[in-house]
Amino acid sequence: MSFDLRFTKGHGTGNDFVLFADPDGDTVLSPAQIAAVCDRHFGVGGDGLIRAVRSENLGDGASALDEDAAAVWFMDYWNADGSVSEMCGNGVRVYTRFLIDQGLVDLAPGESIAIGTRAGVRRVSLSEHGFEVDMGVWRRDGGEPLVRAKGLSVARPGLGIDVGNPHVVVALADDDELEGLDLAYLPILDPVPDAGANVEFVVPAEPLVEAGVGRIRMRVHERGSGETLSCGTGAVAAALAVRFWAGAGAPDVWRVQVPGGVVGVRMFESADGEHVALSGPAELVFDGVLALA
Ligand SMILES: N[C@@H](CCC[C@H](N)C(=O)O)C(=O)O
């Protein structure tokens with residue numbers, strides 16, 4: 001039986017999503033339906049799909065409310081291939097804008113709202129650069145796998161970083177190497193991480209640091225979506241990795257240029273450890289109705 005799915009298309013620096021409101025948790029799409037919606041030829045097209053559901057109606061969302069009773073809304077995030085992900089940094093900004101646009105939340109300058117995600121509750125606020133998300137405490141995880149990618153003559157060491165979802169960051173020599181990559185092909189990691197990983201390739205800008213701000217360029221192959229124009233959690237992981245490689249004195253504020261634009265990353269101390277925040281734009285592009293089988 002087919003039904004009509006009312007959706008909104010949005011993006012953050014070109015990382016694009018299909019969003020729909022399902023406050024009561026009645027519309028649970030199967031992985032095959034999600035992949036059909038995200039298909040760029042036969043569906044709406046998107047790097048991922050986001051269902052806006054009240055945390056109390058998610059089923060497994062109870063933990064979001066246990067963590068923070070203010071996390072009334074849950075970002076139910078799915079990759080384009082129908083696989084689930086814990087977190088999406090661009091997605092959570094676009095999701096917040098969607099909730100505001102739908103009249104489901106208010107967000108005034110200087111305030112923040114709590115959003116439930118599978119990686120935990122995240123706080124989103126308005127910033128001079130759009131929206132800023134406190135991505136929580138990050139950690140080194142995933143070791144230093146060797147990474148092979150089409151366009152690279154030899155395998156390179158990567159650095160595993162977890163920011164709620166898994167990433168492996170690889171440093172390249174220069175812009176030519178970055179542009180020579182063919183990320184239509186899946187990068188191969190050795191050892192292969194059990195849960196897969198998003199893989200970011202980075203090069204320093206010239207100069208690396210300007211007016212106290214670190215600057216890098218990045219391309220990404222996202223787990224479950226392929227090459228995308230941007231990845232917020234990937235930008236955060238990339239800035240953390242480059243700061244680590246740069247050593248003592250490296251800045252805590254970074255500007256990450258991706259094919260779809262620029263996002264900001266800021267590291268700061270908090271009671272539970274070092275947090276990292278992501279800022280950038282969030283745009284809603286059009287609304288539509290899709291007949292879904
Ligand atoms: N584009 C996102 C990340 C989406 C999830 C990722 N593909 C995964 O599987 O972890 C971002 O902006 O962070």
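Our numbering is plain: 1 for the first residue shown, then up by one each step along the chain.
Quick reminder: no glycine exception, Cβ is built from N, Cα and C everywhere.
TrEMBL labels come from automatic prediction, so no person has curated them.
Annotation source TrEMBL lists substrate binding site at Asn15, Asn79, Gly89, Asn90, Asn165, Asn198, Glu222, Arg223, Gly232, Thr233. Annotated active site, proton donor per TrEMBL: Cys88, in sequence order. The active site feature in TrEMBL is assigned to Cys88. Residues or ranges marked as active site, proton acceptor in TrEMBL: Cys231.
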Query raised in the report: Reported as an integer number of Å, what is the Cα distance between Cys231 (active site, proton acceptor) and Gly89 (substrate binding site)?
Result: 7
Report summary line: For Cys88 (active site, proton donor) and Asn15 (substrate binding site), the CA-to-CA distance in whole Å is 10
Requested in this report: Select one residue from Cys88, Cys231: among these active-site residues, choose the one with the most other Cβ atoms within 10 Å of its Cβ.
Outcome: Cys231
Report summary line: The largest Cα to Cα distance in Å among the residues Asn15, Asn79, Gly89, Asn90, Asn165, Asn198, Glu222, Arg223, Gly232, Thr233, listed in the record as binding substrate, is 16
Query - Additional residues around substrate, ordered along the sequence, whose Cβ is within 8 Å of the centroid of Asn15, Asn79, Gly89, Asn90, Asn165, Asn198, Glu222, Arg223, Gly232, Thr233 - result: Gly48, Ser85, Met87, Cys88, Gly91, Val220, Ser225, Thr228, Cys231, Gly234
Report summary line: Given the binding-site residues Asn15, Asn165, the candidate whose Cβ has the fewest other Cβ atoms within 10 Å is Asn165
